Amino acid sequence: MSYFPQVEKIQFEGKETKNKFAFRHYNADEIVLGKPMKEHLRFAVAYWHTMTQDGSDPFGMPTNERTWIGATEMETAKNRVEAFFEILEKLGAEYFCFHDIDVAPAGDSIEEFMNNLDEITDLIKVKMDQTGIKLLWNTANMFSHPRFNNGAGSTNDPEVFAYAAAQVKKGLDISKKLGGANYVFWGGREGYETLLNTDMKFEQDNIARLFKMVIAYAEKNGHKPQFLIEPKPKEPSKHQYDFDAATTMAFIQNYGLEGDFKLNLEANHATLAGHTFEHELRVAREYDALGSIDANQGDMLLGWDTDEFPTNVLDVTLAMYEILQNGGIAPGGINFDAKVRRSSFAMEDLLLAHIAGMDTFARGLKVAAKLIEDKFIENVIAERYGKWSSTDIGKSILAGEEDLESLSTYAYKHGDTIKLESSHIEYVKSVLNDYLF
Ligand code: XUL
Ligand code: CO
């Protein structure tokens, strides 16, 4: 049975097409910088927003029309697997991501939950084998259930810590069964409400303790995906420990988790932290820790995580520039951690929204590739720092031949005749616009 009988596999038809179920820019096999677009972009669909989001918000009831709701929770879960793979295949998206509770009902006990997970992930495996679609990452939802209201790894209750460990162990077993390339930790409630009752050091030590158990188990289990931490500064916690890329790298280094752990960076989380997305990607890249991305966009007029589908070509271009400069995103990918707006409630909006996101990333990729081919940004930067290589004083500072005294002597001699160069930022931005339009 088909959930989208009116839609065939989405094809690339180019910018002029009037067919809304067509790609206007994403052409999977088109070569960009020596590689097919699909290998650069490694698109993934997120189970939670696509299959379980119902369109409700704090002020209103569900709006989404979803034809996979069955008579029981298990029936719905099974229908969702069918529908999800139809969406992946029709979009030509080769990867997917999910939380444990997205795919299987929690049941009435931990045992029932785990059994449900086994049954549904067996079904998912059959679909993966049939279609060749791969698991980019899975994760354990350790933030929705009331037991986690004081955190999971950072909880004040060791029994909750044990429950979290059981969920992660299961997540790793599922990752092994499905050949997951990465495994994500987003610390939804790994943070605090008030320092009046919080031992911050103890909580962070315990998160690291859980992560070390994870590494040990993965090694023993014979399946070690790339572990990724997904930073976010707030929401649902008032303050989350993995605030942004730099804070999370400090955590990773502080606890000696480098290499095993990299970052999964999300655009809307970057903006919530007061950064651009490209800033977060650059920070990760400089630590050799750019693992994967959650593609979406926030609304600059709102202060929360709106998880919109990415449609801003400038932002995506600058993100793709970082990804290309990183040598690509594999074994990570571009996961649409994005949901349709409440008023886009039709089934077909799930396809249209992903087409919009994929087309935007295709455009961003093409523009970023052109910027690299033309060495546009490279030249701007080389020129801005040019004096470090064109002057004797620049060269000798970099060669380690100077100290405070010698530089002080130099400054006394030349300090009043420094000739500054303008950065011409407006000109640079205007030329960048020529690349976009
Ligand atoms: C929440 C968020 C999560 C993670 C996975 O803001 O981004 O969906 O991506 O837990
Ligand atoms: Co995310």
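Placement of Cβ uses the backbone N, Cα and C atoms for every residue, glycine included.
What TrEMBL says about this one:
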- H99: active site (ACT_SITE)
- D102: active site (ACT_SITE)
- E230, E266, D294, D337: Mg(2+) 1 binding site (BINDING)
- E266, H269, D305, D307: Mg(2+) 2 binding site (BINDING)
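Within 10 Å of the C-beta atom of D294 (Mg(2+) 1 binding site) sit 25 other C-beta atoms, taking all shown protein chains into account. Just so you know, of the recorded positions D102, E230, D305, the Cβ with the fewest other Cβ atoms around it within 10 Å is the one at D305. Proximity to ligand 2 (Cβ under 6 Å from any of its atoms) holds for these recorded positions out of H99, D102, D294, D305: D294. Each of the binding-site residues E266, D307, D337 was scored by the number of other CB atoms within 10 A of its CB, and the lowest score belongs to D307. Fewest Cβ neighbours within 10 Å among the recorded positions H99, H269: that distinction goes to H99. Within 8 Å of the centroid of the Cβ atoms of E266, H269, D305, D307, where the record puts Mg(2+) 2, the same chain has further Cβ atoms from K232, A267, N268, L272, D294, N296, G298, T306, D337. In the vicinity of ligand 1, defined as a Cβ distance under 6 Å, the following of the recorded positions D102, E230, D294, D305, D337 are placed: E230, D294, D305, D337. Considering only the recorded positions H99, D102, D337, no residue lies within 10 A of H269 (Mg(2+) 2 binding site) on a C-alpha to C-alpha basis. Among the recorded positions H99, D305, D307, the residue whose Cα lies closest in space to that of D337 (Mg(2+) 1 binding site) is D307.
Taking the mean position of the Cβ atoms of E230, E266, D294, D337 as the Mg(2+) 1 site, the remaining residues of that chain whose Cβ falls within 8 Å of it are W186, K232, N264, L265, A267, N268, H269, I293, A295, N296, N335. Looking at D305 (Mg(2+) 2 binding site) and E266 (Mg(2+) 1 binding site), their Cα atoms lie 10 Å from each other. Recorded residues H99 (active site) and E230 (Mg(2+) 1 binding site) have their alpha carbons 14 Å apart, per Cα-Cα distance. Each residue contributes its Cα atom, and for E230 (Mg(2+) 1 binding site) and D102 (active site) these two points are 18 Å apart.
A Cα-Cα distance of 17 Å separates D102 (active site) from D294 (Mg(2+) 1 binding site).
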